[in-house]
Amino acid sequence: MKIIKVKDQVEGGKEALKVFKEALDSGVKVFGLATGSTPETTYDELVKSDIDFSNSISVNLDEYVGLKPEDEQSYAYFMKEHLFNAKPFAKSFLPNGMAEDADQECERYDKLLEEYHVGLQLLGIGRNGHIGFNEPGSSFDGKTHKVALTQSTINANSRFFDNEEDVPKYAYSMGIGTIMKSDTILLEAFGKNKAEAVKAMIEGPVTPEVPASVLQNHPDVVVIIDEEAASLLK
């Protein structure tokens, strides 16, 4: 695990840009992407840069169940606003939040992920150690699945919605087993509220109770953290 400590999230975005450029230069074709406030500065830096994804493919970690792609709170909309409109990929894939059959949708996405092997996977980490929507207790062998969001995750996501009642209660998420197949994983964490999760991920035992701790078993992980997120590390 390579740990890069930065002053703040803006500097973190600049470091992440270097990782993306190195991946492209080394021939990576498929990029696994994440959403939320953590990768926003990374996408800002990608948009400002001369990086070209026109021959690349993107696959996203997750999507809310029940939100149309044009819904402003959907992850499909987020990706367009923050990255795809300015830096289009040859192909971009997300789970379909409006799929009628959840099992079929998970199967479809897994087949897609087998076809497009992820060279670089971008991750954030939840306060409870989740990666994607793989909450504590998730199987380390998991594939794409429909997951009921924990109350802590619903609370954390409620800031993006007018009312907490509007926050979706389910999401489709890439499984931990699938995430671990990525050649390289880039995890970002910023802010004091991520410090406990970061400590558990890096220094704690590998346990399903801290899903991100499984990254200790991956051969090529880059962690970008700011001073606050790193504050509890030895």
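Keep in mind that glycine also has a Cβ here, set from the backbone N, Cα and C atoms.
Annotated in Swiss-Prot:
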type     : residues : note
ACT_SITE : ASP62    : active site, proton acceptor
ACT_SITE : ASN128   : active site, for ring-opening step
ACT_SITE : HIS130   : active site, proton acceptor
ACT_SITE : GLU135   : active site, for ring-opening step
Integer Cα-Cα distance in angstrom, ASN128 (active site, for ring-opening step) to GLU135 (active site, for ring-opening step): 8
Whole-number Å value for how far HIS130 (active site, proton acceptor) lies from ASP62 (active site, proton acceptor) (Cα to Cα): 13
GLU135 (active site, for ring-opening step): tally of other CB atoms within 10 A of its CB: 21
Least buried by Cβ count (within 10 Å) of the active-site residues ASP62, ASN128, HIS130: ASN128
